[in-house]
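J.: The compositional bias 'Basic and acidic residues' annotation in TrEMBL covers B:567-591. Per TrEMBL, the feature domain 'Cytochrome b/b6 N-terminal region profile' maps to B:23-249. Here TrEMBL flags B:561-591 as region 'Disordered'. The transmembrane segment annotation in TrEMBL covers B:49-75, B:122-140, B:152-172, B:218-242, B:271-291, B:347-366, B:387-412, B:418-437.
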Amino acid sequence: MSHDEIARRDGDHAEEPIVNPGMHEHQPRPTDIDDVAGRRAERQVATFFGLSSVMAILFCVAYFTFDIGDEPDLFLGYGASNIFLGLTLGLALLFIGIGAIQWARKLMSDVEISEARHPSRSSDEDRDIALSALNQGIADSAIGRRPLIRNSLLGALGALGLPAIVALRDLGPLPGTALEQTVWRKGMRVVNDVSGTPIKAEQMEIGQLVNAEPGIFFAVDEEGEPVVEGVELQQEKAKAAVILVKMRPEDITPYPNRENWGVEGVLCYSKICTHVGCPISLWEQQTHHLLCPCHQSTFDLADNGKVIFGPAARALPQLPLMVDDEGYLVAQSDFPEPVGPSYWERG
Amino acid sequence: MSHATTNGAKAATAKRANPLGGLLTWADDRTGLAAVSKKQIRKVFPDHWSFMLGEIALWSFVVLLLTGTFLTLWFKPSMAEVVYDGSYDQLRGLHMSEAYASTLDISFDIRGGLLMRQMHHWSAMLFIAAMFVHMMRVFFTGAFRKPRELNYLIGLLLLLLGVIEGFAGYSLPDDLLSGTGLRIADGLVKATPVLGTYMSFFMFGGEFPGDVIIPRLYIVHVLLIPGILLALIGLHMLLLVYQKHTQWPGPGRTNNNVVGYPMLPVYAAKAGGFFFIVFGVTALMGGLLSINPVWRYGPYNPAEVTAGSQPDWYMGFAEGLLRIMPGWETHIFGFTISWNVMLPGQIIPVMFLAAMLAYPFIEAWITGDKREHHLLQRPRNAPTRTAFLVSLMTAYGMLWMAGGNDLLAVIFNLNLNYITYFMRVMVFVAPVVAFIVTRRWCISLQRQDEARLLHGYETGVIMRSPEGAYAEKHLPISGDEAYTLTARDRDPLLPAPTAADENGVAARHVRLHRLRARLSRAWFAHNVQKPTTTELEEARHHAEHELAVRDDGHQHVSGDYTGDYELDGHAADGHQFDGRHGVSGEELRQH
């Protein structure tokens, strides 16, 4: 169908079955004809504006009256300062708004005005003038006749993109192998994540879960300064956090190469979800399932950390355990695979 | 104005009469403002409650700028580790980032700081919610049609930027919840094929969490995105003023005019007053409704998380997508493709946006309509379009619920896994059901409109014939209503082109036209069109016959009654209670 046909079709339908009755005659409001009503509306509006001023002053009073901080004045169990500042500010603003709208509704002219619309497009004449001006400008620049200038300029502008990208290179280091390693090393103690105390397998009860971290997070150098601190600590925590769980040894079904990764039924898994990296911590004692609170991926810790539900695709990485001379749980090595969410180069 | 040339008493009087004159002259001498503003000062805007939704978004943005500026006076966008020694007892002595510590200071040691923080968060929610609802209004009423497609696209861009801006702001306090949000964002970024880890390392300045993401998000949150938002809002408003607002059809309201009240004084007072109302309501919410109590979550620790972690509501649908996605991952040639993260985190949200961006152009192509549209359509009169958005909304709602599957499980004591399985199915089924139901519903409403036009409205007056048959009397609707109901276009049905009408070269076009014709039928064929003049004539003739009063004052029995009896006594004409005339002597029953 051509545009003409469509235009004709639309023309056919332009005919309206019912004639436009036109705008209604303006009906005066009580305030338009009754002086008393008008004065009443005026008083109402002024009252709202006046109340707003009162609220503004009360805001200042509340600001200086109520304490905040350690022991705030309480009102209905909440900080009185916040409540009264919010109330007075809110009402001060609301009253201005209500007053203004009442003013518009009752006292400002409510005669409807009809304004003609014009097509959004410019007139053909304007278009022609603009187009010829544009063509004239392009012709005067000779950009069409001198392609060498045009092409070299385009090349130069394109090349400017390189500095723009290269200059951002130092936003961060290249990933390298950083994601493949954690601070876990052979012989590093698995310690409680709050107290930093080392843990023995026999101290744990069947079904117990302990949030743990590598011992180095609590180590101090000869001057008493922590070995790992600040940003580095946060970054390492984001990868090295683990959980210890103790299950009945007969419940555990390890892969053949993982048979000696546990100590007396105690297994150690990465705490970082393989989905998008939330720390996992919801433990179902009876089923040995571990649930991620962010997106509910569920892992079976008795069965090598396999995914049994949810959006995660990979099993939780397991940290091989052994005991040191004093009988405390330590790592046999770093994690055998990268922890946390998947990424392209992970393989 | 020539008052500057005299210093006589008369000129002085004139000055007093218009004290603004001097200032305006001074300004116009330098800027030529009068020429620009002469038409704008009394510019007409149409009135309807639904036109206020976008205004809520606009004024919320202003509230965000004001409260946000207040917060920047104290907030320290730094991840440097400090020991907290402020007023909040439970966290005193803890190591935390300066960002979190200064957020606590704003909440506990700056008077009015907590109020401003809560107002800022509430108005962010209002801002995004209002944009969503405004977009729905524009979509349902067809306000996106020519010439407003550009403004529709700008609006969607504003919505997208608003959501990103909200997420950036949510991350700034560096509490446990916002850190978890950032970590999920890191996981999403890492799932990008080839570039994922590089993008993550460049974002975080190394490994997550690093110590640069908060200052970087800060500048994005307070300068970059607000700057773009402000520019786009300006453009949105400029186009609105240039194209003039759409209006609902009605007596005197056509496609060629705009009927309403002038900007000054009516809309200056109404819109200006409404700013104070939005601001005031936000202040009341900030004062009375607690939001994002970051002091309860504690500082960010990558080894901790709280159960029931939830993002802000506008992120809920992305959260739901992540939650219900099965754990698909491909390992190929030593590389990993994480479909389980990439699809819900990157691809599907973009597809939602793309569908919304593309819709006006698809519809315009199917109708082949090149006219300007300034009259709004009732959602029922565009059944396929209405059903399309309702089905998208349903998918969004399903995903939103899936984003709270843990809360649903706890509140309703349901099995979390079953909820997730259920949602995996419903996210596909529910939108289809919603589409079909909405479309048929719209068409039924169109039929009802048609019945009102042709047969009038139900008076509630029941007539009984002497044989005992009952019929309800219908009366014609008012002329205003009839005009308003018919003030809409008929839907075009493009005929399929004949293959032989062009010379071979146009074969591809023929196929394209055939597709268009098919889509046109699918889109519009079931719609009820407004009656033609002839149909209305016939209906009126029929009604007049029914209502005719016989010479003896008796009236024909309405309905299908064809018997010999006439009504006894004086029949009700049905106007007794609709205010068209008094009711004295019009008792329904005379004996």
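Each residue's number is its place along the chain shown, starting with 1.
Cβ atoms here come from the backbone N, Cα and C positions, even for glycine.
Because TrEMBL annotations are produced automatically, they should be read as predictions rather than curated entries.
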J.: Looking at the stretches B:122-140, B:218-242, B:271-291, B:347-366, which one shares the most CB pairs under 8 Å with the transmembrane segment (B:49-75)?
T.: B:122-140
J.: Look at every Cβ pair spanning the transmembrane segment (B:152-172) and the transmembrane segment (B:271-291), keep those 6 or more apart in sequence, and say whether at least 3 of them are under 8 Å.
T.: no
J.: For the domain 'Cytochrome b/b6 N-terminal region profile' (B:23-249), report the average pLDDT of the model, please.
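T.: Mean pLDDT, the domain 'Cytochrome b/b6 N-terminal region profile' (B:23-249): 95.
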J.: Go through B:271-291, B:347-366, B:418-437 and flag the stretch with the largest number of C-beta pairs under 8 Å relative to the transmembrane segment (B:122-140).
T.: B:271-291
